[in-house]
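Engineer: One structure, as C-alpha cells, below. Some questions next.
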Amino acid sequence: MAMASLARRKAYFLTRNVTNSPTDAFRFSFSLSRGFASSGSDENDVVVIGGGPGGYVAAIKAAQLGLKTTCIEKRGALGGTCLNVGCIPSKALLHSSHMYHEAQHSFAKHGIKVSSVEVDLPAMLAQKDNAVKNLTRGIEGLFKKNKVTYVKGYGKFLSPNEVSVETIDGENTVVKGKHIIVATGSDVKSLPGITIDEKKIVSSTGALSLSEIPKKLIVIGAGYIGLEMGSVWGRLGSEVTVVEFAGDIVPSMDGEIRKQFQRSLEKQKMKFMLKTKVVSVDSSGDGVKLTVEPSDGGDQTTLEADVVLVSAGRTPFTSGLDLEKIGVQTDKAGRILVNERFLTNVSGVYAIGDVIPGPMLAHKAEEDGVACVEFIAGKHGHVDYDKVPGVVYTHPEVASVGKTEEQLKADGVSYRVGKFPFMANSRAKAIDNAEGLVKILADKETDKILGVHIMAPNAGELIHEAVLAINYDASSEDIARVCHAHPTMSEALKEAAMATYDKPIHI
C-alpha cells in the first residue's frame, strides 16, 4: 500500500503544474537562454538571494543535501518580512492583546478576580521584539550548524552566475554560484496619493510599533493583515473602522464562513465600510482625514482618525536585482516567471516564494524553497498550491484548505456539505469558547474531500488534519472513522465529516 502510494505521488510530481496562473502555458514552453561564462562560478553550488522563510529554508535544505551554499540577506537579520515585521511580531501582539481582552471580559466568569487591568504598551512591544530577536538568532545558529555561509548585504546580478553584494559594512564583494535562487519576498502595496510615513499613515510594519494606542484607527483593506492588526489595536482600546473597496472582507474565504466571521468581528466592535473607495488622505493636521465615496460612485464623506493603516496587499520585491540585465522575464504584476522546477528562462537562475505566482504566504515560500533545492540536487520537489492552507489569526481564527463552495459551484462540481458547530462540542463548551464551526465540502459521487473551512479559537492548528487528508485524497468517511480523543476541539472536524457522508452524533 505504501509503495503504491509512493509511486502515485512520484508520477503526480512529474506531471503536475506547480501553479495555476494564466502564464502556465508560457512557463512550460519558453526556451532556456545560455548562461554567461563566469570564472570561479563553481565556488558555490547554490547562492540564495534573500533570507526570508523561502530563502533561509532553501539555504539550509541545500546544505543538508551536501551543496555548498551561501545566503545573501540585505536586512542584516534573517527571517525576512515574516519574522522581523510580519507573521511573528503580529502573532506576538495578537496573543498579548487577546490576553488583555480576556482579563477584561472573561476572567470573572471563570472565577478569577483582578482589581484592575492595564496595558503596559512598552512592555508588550518589548516582549514582541524579544521574540523576534531570539528567533532571528536561532536561524543564524541553524546556518552555522548546517555550514551555510551568510553574507549581510544587498545583492544584484552581474551575470547568471555572479551576484554583486553591497554589504551592510559598506564593502562590496562578488558571490559566485552554479545555481542562484531569487527569494527576495514582497513589499507593501502602495495606494495612489497616499504616502506612508509609518507614524500617522502606517503599513503593517508601522502598525507593529505604534508608540501609543490610537483612539481611532482606520484600516484600508479587509484582508488577512488588515483584520489581524485591526484586532490587535481594537482589543487594546482603539475604535477600529475597516474601509474595503470590494463588497466582502477576505474575498478568498468561503462565503458562509466569511459572513459568520464578519458578524463575529462586528460583535467585537470592529466597524466595516464595504464597497467604499478612498479618494484622498490628508495628514497635515494633528490626525488624519480620509475622503471616501462608494466604489461605484456617489456622495463623498470624511472620516477622521489618529492613525491610518494601509493594508491593500503586497507586491513582489525585485527592486535593484538587475533582473533585466541578465534577461529574466517577469509578468505584468512584476512576478518572476518560472517553470515546474522553479527555473526562470535564464539557465541557472531560479525564483521562489512571493516573487513568483501563487499564494503570498510564508509557509508556501518554505515549501517552494525545499522543492527548488531538491530539483537542483536531482531529486523530486513538490508543492501543490491548491492544497496550501490559509489562516487569519484573529479571535476566533479562520483557517481553510482546498476549494470554497463558491468555487465548486463555478466549476460545476457536484458536492455535499457537512457542518458542525462548536456550540455542540463538549470541549469548546467546557472552556466557554464555542463560537464557530467546521465546514467540509466533498465530491458527491466519490466522497473525496475538496475543501475544509474552520472558524474556531484554534482553527490554525485544527486545519492540518484536513490538509493531510486532502493531500492524500481522503474521503470524509476516512476522517469520520478515525478515533479522535475526547474531549477535544478536533472532534468537531470528525463530526463535520460524519455530517458530510452520513449523520453526526452530537447534533
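Placed from the backbone N, Cα and C atoms, the Cβ positions cover glycine too.
Unlike curated entries, TrEMBL annotations are predicted automatically.
In case it helps, TrEMBL gives these features for our protein:
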| type | residues | note |
| --- | --- | --- |
| ACT_SITE | H486 | active site, proton acceptor |
| BINDING | K91, G155, T184, G185, S186, D354, M360, L361, A362, H363 | FAD binding site |
| BINDING | G221, A222, G223, Y224, I225, G226, L227, E228, E244, G313 | NAD(+) binding site |
| DISULFID | C82-C87 | disulfide bond |
| DOMAIN | 45-369 | domain 'FAD/NAD(P)-binding' |
| DOMAIN | 388-497 | domain 'Pyridine nucleotide-disulphide oxidoreductase dimerisation' |
Engineer: Cα distance, I225 (NAD(+) binding site) to H486 (active site, proton acceptor), nearest Å?
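Structural biologist: Taking the Cα atoms only, H486 (active site, proton acceptor) lies 34 Å from I225 (NAD(+) binding site).
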Engineer: Using only C-alpha positions, which one of C82, C87, T184, M360, A362 is spatially nearest L227 (NAD(+) binding site)? These are the recorded positions in the record.
Structural biologist: C87
Engineer: Show which residues of the chain containing G223 (NAD(+) binding site), separated from it by at least 6 in sequence, have their CB under 8 Å from its CB.
Structural biologist: I249, V250, S311, A312, G313
Engineer: Rounded to an integer, what is the Cα-Cα distance in Å between T184 (FAD binding site) and G221 (NAD(+) binding site)?
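Structural biologist: On Cα coordinates alone, these residues lie 24 Å apart.
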Engineer: Relative to the Cα of S186 (FAD binding site), which of the recorded positions C82, C87, G221, I225, E244 has the closest Cα?
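Structural biologist: Sorting the recorded positions by distance from S186 (FAD binding site), the top entry is C82.
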Engineer: Would you mind splitting the domain 'Pyridine nucleotide-disulphide oxidoreductase dimerisation' (388-497) into helix, strand and coil residue counts from DSSP?
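Structural biologist: Across the domain 'Pyridine nucleotide-disulphide oxidoreductase dimerisation' (388-497), the residues distribute as 40 helix, 33 strand, 37 coil.
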Engineer: So if I draw a 10 Å sphere around the Cβ of I225 (NAD(+) binding site), how many other Cβ atoms end up inside it?
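Structural biologist: Looking across every protein chain shown, the total is 23.
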Engineer: Taking K91, G155, T184, G185, S186, D354, M360, L361, A362, H363 as the record's FAD-binding set, what's the max Cα pairwise distance in Å, rounded to a whole number?
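Structural biologist: Of all Cα pairs among the recorded FAD binders, the widest measures 30 Å.
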Engineer: Of K91, H486, which of the recorded positions has the most Cβ neighbours inside 10 Å?
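Structural biologist: That would be K91, with the most Cβ atoms nearby.
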Engineer: Near I225 (NAD(+) binding site) in space, meaning Cα within 10 angstroms, which of the recorded positions do we find among C87, M360, A362?
Structural biologist: C87
Engineer: Look at each of the binding-site residues, L227, M360, A362, and point out the one with the fewest other Cβ atoms around it within 10 Å.
Structural biologist: M360
Engineer: Just to be sure I understand the packing, how many Cβ atoms besides its own are within 10 Å of the Cβ of C87 (disulfide bond)?
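Structural biologist: The Cβ of C87 (disulfide bond) has 20 Cβ neighbours within 10 Å.
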Engineer: List the other residues in this chain whose Cβ sits within 8 Å of the Cβ centroid of the NAD(+) site residues G221, A222, G223, Y224, I225, G226, L227, E228, E244, G313, in sequence order.
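Structural biologist: Counting only non-site residues, the set is V219, V242, I249, V250, S311.
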Engineer: What's the number of neighbouring CB atoms sitting within 10 A of the CB on C82 (disulfide bond)?
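Structural biologist: Other Cβ atoms found within 10 Å: 22.
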Engineer: Between T184, S186, which of the binding-site residues has its C-beta surrounded by the fewest other C-beta atoms within 10 Å?
Structural biologist: S186
